[in-house]
């Protein structure tokens with residue numbers, strides 16, 4: 001039976017060996033490159049694959065269409081995943097007629113998600129296990145095929161439990177793989193009401209909070225003992241790691257974090273005391289507790305703390321979903337210019353943010369919000385401010401793919417909004433000037449203008465209505481459940497990195513990018529319905545400064561507000577935009593590399609956007625809320641924005657084949 005395998009870690013190695021022993025034909029193995037910052041105590045899937053003569057790959061994004069196509073060409077009958085660390089897209093799972101199966105290190109539906117081995121120890125569980133289940137779109141939610149229980153002994157630590165899980169996994173696979181091959185398995189649906197889900201753990205999560213019971217801290221020590229990074233605390237500014245510990249239930253009463261004795265090294269906790277049996281000062285060597293006390297200069301009555309005594313104010317953690325997009329990458333640049341922000345980002349690409357990837361306060365994961373729900377929920381919980389910037393926001397897609405617009409722009413964002421409600425996190429949500437629709441007011445006002453859209457048979461309005469409904473949902477959560485929020489409405493922001501010329505080639509871009517492509521390729525500039533529609537164009541730098549001030553939220557003035565961010569002085573028709581762009585193009589130093597101007601061509605909107613499109617004649621913002629809440633005023637003239645945007649795109653064009 002032909003299979004494609006996704007695998008990593010010891011579980012990946014034993015899963016591959018079990019498949020081969022059961023007579024499966026492995027066409028390819030997908031794994032990960034090792035993280036140099038991670039202590040690799042486990043077997044190498046890549047090395048095993050090479051030794052067995054099996055093709056092995058470690059793509060950054062296995063869900064990329066190119067990899068999906070390559071996997072499809074392998075024609076797998078069944079797919080297996082053994083501790084592969086990325087979610088696998090449904091498009092891949094559907095390639096195998098017999099389905100896809102994942103090995104998970106817990107007794108599902110308990111402990112779905114990441115690091116179940118560590119979490120069961122943190123939580124003081126006495127039982128865990130391994131589960132083989134069918135893979136579905138939602139992580140770890142498919143029907144259970146086989147399950148094996150394991151007792152957790154009081155003296156088990158992470159590595160001993162890991163070895164138990166590996167032994168159990170071998171047994172389970174040896175019993176179950178032949179049945180899958182024969183098509184003779186019994187599947188049991190998971191009980192959703194019993195499900196629990198946990199996110200990934202980082203070394204920073206393992207600090208010892210001395211106000212907690214000693215038993216809780218002891219479980220933390222067990223969960224992250226060597227070869228994991230270890231639980232830690234501080235003496236002043238000196239960090240030390242606790243590798244093994246013991247609970248003392250009847251210790252003398254003392255302030256939590258106080259040293260009760262140094263031989264043994266006994267620390268008072270919220271309930272009981274924790275004996276530090278072995279530990280390590282800084283990057284030194286492991287030593288027994290009394291020697292550690294001497295090394296750290298501890299005496300009876302000394303106080304420990306959970307963070308450095310001189311720790312600076314914690315940086316505000318900002319989660320940006322869609323960080324590689326136009327607003328996301330410019331906002332990241334603005335935030336990192338300051339020293340008090342930590343930016344966490346998710347997107348399906350990284351070309352626009354490559355300049356930040358090595359920044360110590362920028363953390364990026366390449367992924368799709370529709371399949372990385374576990375990662376998103378964990379980071380919503382972890383961060384202070386959430387900006388869900390992912391959306392389809394190009395007009396041609398509103399008529400071309402209305403359901404996809406609804407699914408991404410509404411359904412996926414609603415899930416994120418609910419996470420913010422659940423974890424009581426501040427959300428800064430990108431509404432849109434499109435919500436005003438065909439409003440006839442001279443200035444579109446956030447608090448008074450009516451939101452007017454066309455009939456249902458005009459799918460062009462699905463983006464506007466999706467955003468408007470989310471605005472209303474957020475407002476209701478704010479009113480009824482105390483959600484801290486700000487809605488901002490961008491009015492035609494433009495500048496470098498707005499879309500790209502490849503998107504413009506398929507019509508999926510904003511106006512100025514499409515016009516620049518026409519100039520670059522020597523094709524006529526198309527003026528939809530004559531190009532008389534007027535817009536107020538806003539420089540990205542002005543827009544980002546306003547958005548930055550919303551994040552800063554001086555005096556909490558932005559809470560519960562809707563804020564237009566636009567430049568009412570930069571009003572121009574699309575035809576006028578084209579003329580200004582042409583004038584800038586003709587005097588650009590790279591002009592001679594490109595074809596002659598092919599003129600303007602008037603086209604009907606239905607022939608360009610398709611059936612169901614309606615346009616808006618004017619869209620001018622009132623910016624009184626921005627002035628009041630942000631003390632903000634747009635400053636940059638439209639011509640300057642046009643010149644810089646054009647220059648950016650012209651310098652991205654490969655000129656080698658345009659030499660005269």
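Using the three backbone atoms N, Cα and C, a Cβ is placed for every residue, glycine included.
Residues 368, 369 are recorded by Swiss-Prot as NAD(+) binders, and the candidate that the same record lists for that site, out of 347, 351, 384, is 347. Same-site candidate for (6R)-10-formyltetrahydrofolate binding, as annotated by Swiss-Prot with 86, 87, 88, 136, 137, 138, 139, 140, chosen from 70, 114, 149: 114. The Cβ centroid of 347, 368, 369 marks the NAD(+) site; residues of that chain outside this set whose Cβ lies within 8 Å of it are 321, 322, 346, 348, 367, 370, 372, 390, given in sequence order. Here the C-alpha separation of residue 619 (active site, proton donor) and residue 532 (UDP-alpha-D-glucuronate binding site) works out to 12 Å. With respect to residue 535 (UDP-alpha-D-glucuronate binding site), the closest of these recorded positions in Cα terms is 434, chosen from 86, 138, 434. Separating the Cα atoms of residue 102 (site 'Transition state stabilizer') and residue 140 ((6R)-10-formyltetrahydrofolate binding site) is a whole-number distance of 8 Å. In this record, NAD(+) is bound by 347, 368, 369; the longest C-alpha to C-alpha distance in that set is 8 Å.
Listed in sequence order, the recorded positions from 104, 526, 532 having a Cα within 10 Å of the Cα of residue 140 ((6R)-10-formyltetrahydrofolate binding site) are 104.
Around residue 347 (NAD(+) binding site), the same-chain residues at least 6 positions away in sequence with a Cβ under 8 Å from its Cβ are 321, 322, 323, 324, 325, 328, 353, 364, 366, 367, 390. Take the recorded positions 140, 368, 434: by the count of other Cβ atoms within 10 Å of each Cβ, the lowest one is 368. Every protein chain considered, the tally of other Cβ atoms within 10 Å of the Cβ of residue 104 (active site, proton donor) stands at 25.
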